[in-house]
Amino acid sequence: MDKIKAKLRALVTPKPDATASRIRRRRAITAKIYAKLPWITTTLFAVGYAWMLCIPFSELENRIYIDENALQPGQVNTQWEWSDVHHADMYLRQLEILRDSNATSEQRADFLANEFNKLGIASSTQSYTFSTSSSTAAGTNAYAVLSSPRTSGNEAIVISASWLSRIDESSTSDPETINIRGVATVLALAKFLRGYSLWAKDLVFVISDGHLDGMHAWLSAYHGVSQSNMDADYLKLSSGVIWTALNIDYPGHSFSHLGVFFEGLNGRLPNQDLLNSLRVIANRAGVPVVTYDHISPPELPSSLPSFLRDNRDVKLYAENARSVLRHVGYEARGSGSGVHGLLHQFRIDAITIFAIPAAGPHGFHAIGRVIESTLRTANNLLERLHASFFFYIMTSSDTFLKIGAFLPSAVLVSVAMMFVGLGEWVRAGWVRGPDRVAEKAGSEVEWLKRRRPLMKPLGIVLGTHVFGAGVFGALNAFADHHSLLTPVVFLVSALPITLSFLNSAPKPPTNEIAQLSTLLKSLNLCLASTIISVTSVLNFSLALTLAILLGLPLSLASPSTSAAVKTAKYACYLALAFGWLLMDTEVKSALWNWEVLGVWVAPFVCVVYAPLVLQAGLVTIL
Amino acid sequence: MLSQWTRHLNHALWLTTVSNAALVHREEFHEDLVLRPLPDGRVSSKFTFTTLLRDATPRNPESLAVEDDSQHYTLFPLALGQVLREYAITEMHLTLNAGKWNYDRWGYPDEPGVGSGAELWAWMGDGGPATVDYRWQGLRNALAGLFCASLGSLDELRTTSPTLAFEPEGTLPNWTQPHQLRHASLPSEHVCTENLTPFLKLLPCKSLSGVASLLNPHRLFDADWHGMGVHVSYDREDGVKVRLTFQTVFDPVRTSLNNRRDWSFASLFDRKVEQLCPVAETSRVRLALPEVQSYLLAPEYTIQDNYALFDMAASSQAFQVSMDWPQEPKFQYRTSSNYDDASIVPLSVQRTLRGSSQARGELSVTVTNHEAVEIQSVYLETMPWLLQFYLHTLRISHNGESRGDLISNISYVPPVPHARPTTLQCIITIPPKSTIKLTIDVSKSFLRYTEHPPDAQRGWDLPPAVFVPFKTDHNRTLLGTTRYQRIYTPTLLADLATPDFSMPYNVIILSCTLITLIFGSLFNILTRKFVVVNMDPPREVAETQ
């Protein structure tokens, strides 16, 4: 009995050395992890980067579906007829006369407002001016509000067309192609839609001047947002809360496919149900829909062996990869892919329907029917679109990637960077003591703790970010003397390396104080990793780009003794940090986006990205 | 022939009414239809069915304790009469409207209550065994049942007492206790056939004869604007009057094939008046004559005060009015500047809720005075507590400069969260031929999850603001007591912070993770015992022991 009691007591009362052994066990595990850290980080990096390459694989993608049951896309008989096409043609003729007579913005807007008015739709115009550091943009928007019968006018749908088409987006010269058929479509639609009493939401027609600037001015005035460099008229007419918006871009004579553009400013996306509805509706109407303007499959490099080039999977991969890259290109720049992108910041689900110019077979008849049916679908909504996805990548018009299929790639790289950074932190804090020879073989290595003074590396980190902010300020202030600014920035950022040569006696590592470069690298990596993780849910494409640009370069930064290696390394980092300064048009458009549209990518690159790379560069020379 | 028969029957009814009992009051029924061609090609119509209970008085709430006299009516709607007696209502106005009344293009409506959705206001005598609020609750529930409308939701969260803007239409009896006003509106209420059917049941001829036979739900509910109203008022000379109204704005241009504004009863209502309502004392059809003379009107009419008066009894066939514009191949809309300048109404008001944030915003009201004299106006906001005003941010500006002197007599009842709405009443002065801008910062409330409606992602409908302009001379004294009509602004939709109810799974996962993380680490720290652990190798420890 006593024995049992003793045994029970022994079970209940902890052993005197239990805590100690637990701590020891924990230490052993941490030691093992630390010993295997290079393996872990390498694996994480490898998986992360491999995942990025896998994103276009068709195995990861899902087929689209309509999530919101209220939408009922394509369930209505469309009433848009050839007589409406005739009206559109009549409007087109008038617009062509207007275009050929080189009418000013105001004349155009007055004409458009008058046309809306003739239909009995209340209309007005709005003049605006944007002044940026390099240029000014001015224009006049025309808009009209069709108060739908029997409704309180609390919700609205916007049907818009910008005067200039998006078709010139990739060309370097100023855009000049006029979205003339898009504008004609909106006018004819206004005439047509007015004849029905079934609209449950107000219809707002906006013909914005310019490409993006006009719509931005109109939206800002509509939502009462003021901007220091914007001077926009007060809107005489108002309607309710805008829920959905369709932007029509139809620059050519006729079209073969409808292209969908959906990326918004600063990585915002519209609810996927809107895209899916359009796809379903156009499918029923017999109009093919593609993402962007990707009509033909991408051309594979001819160096590829023919069995690969003809392989179905490879073709599919290439096609998906092109869509993903296009998406990342728009989103990482933060500029969005068109006029619709401006609306997302006001919680409006918006897309651009782009009639891809071709010899045929579709025209006003097809686009009118598709838009009518899409509007009917949007009209069905009792609530905002909220059911479907807000985080997605469209690989084609009927397949997409869910967030779970792409988000881990960037996050894994960011985790790897965090591990490397924490490893550096440990390495900075502990140094291997002299081996205890007296003890038996296999005894534990003694680790000595050393001080990790943080003020200096923190100062450096802060300094680089302040320098980045300075560069950004200079970019804004001397936008016109951009060619002069670039060498100055490079010269200033090359200063540290010259200083390091002048003061060329690097302090030998001691057992008392941690090395500056190790501390700086640790801080740098932890900061970069956090930024990538946070950005990944705000703007995945930007996070992906950061993960590619920062991941390995920052982790591999290490000081070297040879002056030549040092210079070469520093030059590489410098190129990575400020190389974008040489891309003149990119810089200009990014700055314009920041000043006018409030896209934060330009300041982000200057104040966050470049300094991070610069810190890695400093690690190599310290 | 038809009219003779009507008069005969009327007389017979009158005799039976009188012979019944001395308590029974004389009853009268009048029907009236006013048509008004509007400047933008639309046509407004207003049906009024008035039942008068001669020399009757509303029930004094003091008498609620004793049993009421039994009610015998022949024409007066019994269902409504019972409700009015049960809750001792002196004056009551219920309107159910759909659409946005466009004052700038359509002018003042014939019936002033045109706020979108449902609006109910009542003047009730105080005192007696039941409180005013108790009777108010009973009234709205009874009316909800009577008219198949969700008037039960006009609860204390929406009830206010804005006496400045909602003065009694009739007179209030001189009882010992004063009268009290209760007002509530529900902008999200939809109006449809289920409300019209009980409405028609209150009429003595239903929709079988008389002008009421034009009330064809298929056409009424396709109109650009439509609204029904039940108005009960008391007048010392006349007695208790029940006015049932139905107002519509049709758009003949929209429905016609070649954009003409010609119309007739057949085109508007898809019906004609086949027979007269025999019990109606008067049946009038009037048409407000437009200034332009190029129209053709049928049938024969007499002109009285710029109105064309039609005699329904004169026609031997089914009666219908038609109006044609033969010189117009197609209706031409006015240019937009024409609408701005034409002062159909003295004030035009624009009211918007700015800001895309779900936490705060700015209520912006723009008021334009079209007249050459200064106008003062009562401005009333009855806002549910969902939107809370920061009163210190109330700014009024004229031509870009701040003008605090343009606003006066502010009375403000702050909201009580989850309980009481805001009432903001003030008098604003609008200088002649100019526009003033009024802004106030608002914060949007964070709701309990049970307070969200089933369609949570839609947002919340906010009631309209009300303006009651009155003319003043230069010394800012009231010119007589005549006021303009009430002007209702459009309603608003506010986005409040809304959880994604459609994905409870995600919400549960996220909140559980957060709670576990916070609770777990806190619990760990709170319950942990800190001890000094000897980390010497155990073997050595054993040796020393």
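Using N, Cα and C of the backbone, Cβ positions are placed for all residues, glycine too.
Not measured: the values here are computed from a predicted model.
Look at TrEMBL and you will find A:33-53 (among others) tagged as transmembrane segment.
For the transmembrane segment (A:403-426), the list of distant contacts is 34, 37, 40-41, 44-45, 47-49, 51-52, 54-55, 60-61, 389, 391-393, 452, 518-519, 521-526, 528-530, 532-533, 536-537, 540, 543-544, 546-548, 550-551, 554-555: same-chain residues at least six beyond its ends, Cβ to Cβ under 8 Å. Summarising the annotation, TrEMBL assigns transmembrane segment to A:403-426 (among others).
Long-range contacts of the transmembrane segment (A:458-478) within its own chain (CB-CB distance under 8 A, at least 6 residues past either end) are made by residues 133, 484-485, 488-489, 492-493, 520, 523-524, 527, 578, 587, 591, 595, 602-603, 606-608, 610-612, 614-615, 618. Marked as transmembrane segment by TrEMBL: A:458-478 (among others).
Marked as transmembrane segment by TrEMBL: A:484-502 (among others).
Residues 45, 48-49, 52, 266-267, 327-332, 334, 391, 393, 403, 406-407, 409-411, 413-418, 420-422, 424-425, 454, 457-458, 461, 557, 576, 601, 604, 608-609, 612-613, 615-616, 619 of the same chain sit 6 or more residues outside the transmembrane segment (A:523-551) yet have a Cβ under 8 Å from a Cβ within it. What TrEMBL lists as transmembrane segment is A:523-551 (among others).
For A:563-582 (among others), the entry in TrEMBL reads transmembrane segment. Beyond the transmembrane segment (A:563-582), the same-chain residues lying 6 or more positions past its ends with a Cβ under 8 Å from any Cβ of the stretch are 471, 485-486, 489-490, 493-494, 496-497, 500-501, 504, 549, 553, 557, 605, 609-611, 613-614, 616-617, 620-621.
Residues 130, 132-133, 137, 212-213, 216, 227, 229-230, 265-266, 332-335, 342, 461, 464-465, 467-469, 471-472, 475-476, 493, 524, 527-528, 531, 542, 546, 549-550, 553-554, 573-574, 576-578, 580, 587 of the same chain lie 6 or more positions beyond the ends of the transmembrane segment (A:594-614) yet place their CB under 8 Å from a CB of it. Per TrEMBL, transmembrane segment is recorded for A:594-614 (among others).
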